[in-house]
Amino acid sequence: MWRLKVGAESVGEEDEKWVKSVSNHLGRQVWEFCADAAADTPHQLLQIQNARNHFHHNRFHRKQSSDLFLAIQYEKEIAKGAKGGAVKVKEGEEVGKEAVKSTLERALGFYSAVQTRDGNWASDLGGPLFLLPGLVIALHVTGVLNSVLSKHHRVEMCRYLYNHQNEDGGWGLHIEGTSTMFGSALNYVALRLLGEDADGGDGGAMTKARAWILERGGATAITSWGKLWLSVLGVYEWSGNNPLPPEFWLLPYSLPFHPGRMWCHCRMVYLPMSYLYGKRFVGPITPKVLSLRQELYTIPYHEIDWNKSRNTCAKEDLYYPHPKMQDILWGSIYHVYEPLFTRWPGKRLREKALQAAMKHIHYEDENSRYICLGPVNKVLNMLCCWVEDPYSDAFKLHLQRVHDYLWVAEDGMRMQGYNGSQLWDTAFSIQAIVATKLVDSYAPTLRKAHDFVKDSQIQEDCPGDPNVWFRHIHKGAWPLSTRDHGWLISDCTAEGLKASLMLSKLPSTMVGEPLEKNRLCDAVNVLLSLQNDNGGFASYELTRSYPWLELINPAETFGDIVIDYPYVECTAATMEALTLFKKLHPGHRTKEIDTAIGKAANFLEKMQRADGSWYGCWGVCFTYAGWFGIKGLVAAGRTYNSCLAIRKACEFLLSKELPGGGWGESYLSCQNKVYTNLEGNKPHLVNTAWVLMALIEAGQGERDPAPLHRAARLLMNSQLENGDFVQQEIMGVFNKNCMITYAAYRNIFPIWALGEYCHRVLTE
């Protein structure tokens, strides 16, 4: 049976040397297979098999797992926290305050039971389907696939890939997406490397997958990221890639297209890609690689026109088509520049550029304890370290962090989009629990969560000259996941600060000692340093270049990736945090804070669309951004009566209410930038909770509470008997077009919204 190990228990004595930490591994989460049959009860084993069977049977209709393995592991704790049967409110029946409190008590009973001993909440952060294949290819090429991934890991990975294969035989960019060449070719290759036969899988799954690929022209039509991975494996030629010259890292920073000016995820992915491209690295040409060369293409491998293939992309993948200017640019570099730097004397500059790239790779690895910014650059950096020296400590240190990214549930094992969302979920959870006013009953839960937030704050800046490594100040910030990860994010810092400030208002005998004021001030300092001239806040750093740089975005699959844009969500979260800080600590940098909030409010108003909506870049989508937009403006002192933007936002959200109450927004809203209901006009608990809180914040209860009552009824009626809430469609997004699961949202936001509803809308 699989068991989740968290924190220090996730590191064995023999691994301690190779798993670096600045926080005693706080928040680390690793799934391990327990081979001790005596540790598993027949009841648990039956539950696991039933969960797997149920997911597989419904896989084409319900793409999200419900993290049932985690619930089975915490079964005893959940039973202890049980508070009786769920309350159901009939249509037309008045929602009573006691009924809401009863629902909240059951919800918190369940949610407290699944809190880890470290104080955070572990949950699935999967969804993208292009991550696992990159890991499998890298481990295969370096010859460590079967030593890093046990037989049980490989079985679960195959289960996951088969479970998320679409009915047409292909795979999407993410688990709810339609089939793409990027997803289909890479996942087909991953299954072959994991040991599946070319005609294996139930119901001819591999045959169907191959047919999907070949019917659309074969793997030459894969996206640029896919071309790189296939080149590394040896089933695609480097001459079929558009150039990724590492010499970009030698250019002066004053140039607007210097990599240091790009969004950190963009530069950190293209950094190792440029190293591999500059090296033209290819793994061992094995019989399986030779077989894949035959399986993936419609013509013999040696007859493929690789130059033509550079700009070939399947129509199913083409979210961001290359502008003509970009094709001319890459063509010029390909035909003129690259030949000069692959032979003497230009090769000397290429070697210098490769050395510079590796210095940046090693800096990123060491500064993140080999977790790295995200899963893509994690695997690419690991591969680069092996290419540089297969026996290096750097490569060994990387291998020990692979499992930080793996998550298993009833649908199988995936690679997550980060090493978790531990801090993010915990900061939200604290605010949700505080909103219920059931603090007395759940003080131990809050105390553990409080400790986690305090210990997760980044307490030092990155070493060395930040200008050399293109880093922002970090001291006082919070990450999305763990302190060991080490990368600040603006809205994570804001939510961490808000949670800390809220708990500072409660008795320390209940929730622990508050965070020291100097550390609160450090967080404020980081937030103030992140505001752009237009008043908005980007995600990780200041916006360092111009939107026109998107013209050279080479990733056909993703939008708006080249620079770090200011976001509605990051801006609004920061406004809330600064407002609360000013209220509790009025003497610290008050004038600067007031100025920052005023500029941010103006930014939010400018970002609002004509119909009253805001486009959400990190959640689905208009409901998510609407919640943040309204909260941010209210934090700035605006009201429904005084602010046209708030009135328009409320009108927009109310216009999207479903006939039976609630809201249900599809991920297609993100992709197409047009509000789109879920298929069948189904309501979604998380969208409904976001809108319920947004409308409460804007004073809807004083004008017409009927939509609020309908939303609350929907949330209450969706609670399961054990206090959990049902897992529905995907709610996270990045880069406009790729979705990501935040499994804890199904608990956090219904609890938070019902808490706000209970105490701000209902009367005694």
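Indices start at 1 and increase along the chain as displayed.
Just so it is clear, glycine is given a Cβ too, placed from its N, Cα and C backbone atoms.
So that you can see what the record holds, here are the features copied from Swiss-Prot:
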type     : residues : note
ACT_SITE : Asp491   : active site, proton donor
REPEAT   : 104-146  : repeat 'PFTB 1'
REPEAT   : 154-195  : repeat 'PFTB 2'
REPEAT   : 520-565  : repeat 'PFTB 3'
REPEAT   : 597-637  : repeat 'PFTB 4'
REPEAT   : 646-687  : repeat 'PFTB 5'
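Assigned with DSSP, the residues of the repeat 'PFTB 2' (154-195) fall into helix, strand and coil as follows: 23 helix, 5 strand, 14 coil.
Taking H, G and I as helix, E and B as strand and the rest as coil, DSSP gives the repeat 'PFTB 3' (520-565) the counts 16 helix, 2 strand, 28 coil. Per-class residue totals from DSSP over the repeat 'PFTB 5' (646-687), listed helix then strand then coil: 21 helix, 2 strand, 19 coil. For the repeat 'PFTB 2' (154-195), the residues of the chain that approach it from at least six positions outside its boundaries are 2, 52, 55-56, 59-60, 63-64, 126-130, 132-134, 136-137, 140, 145-146, 201-202, 205-206, 208-213, 216, 219, 221-223, 225-226, 229-230, 233, 235, 288, 291-292, 295-296, 313-314, 316-317, 408, 411-414, 557, 667, 729-730, 737-741, judged by C-beta separation under 8 angstroms. Taken residue by residue, the repeat 'PFTB 1' (104-146) breaks down under DSSP into 23 helix, 1 strand, 19 coil.
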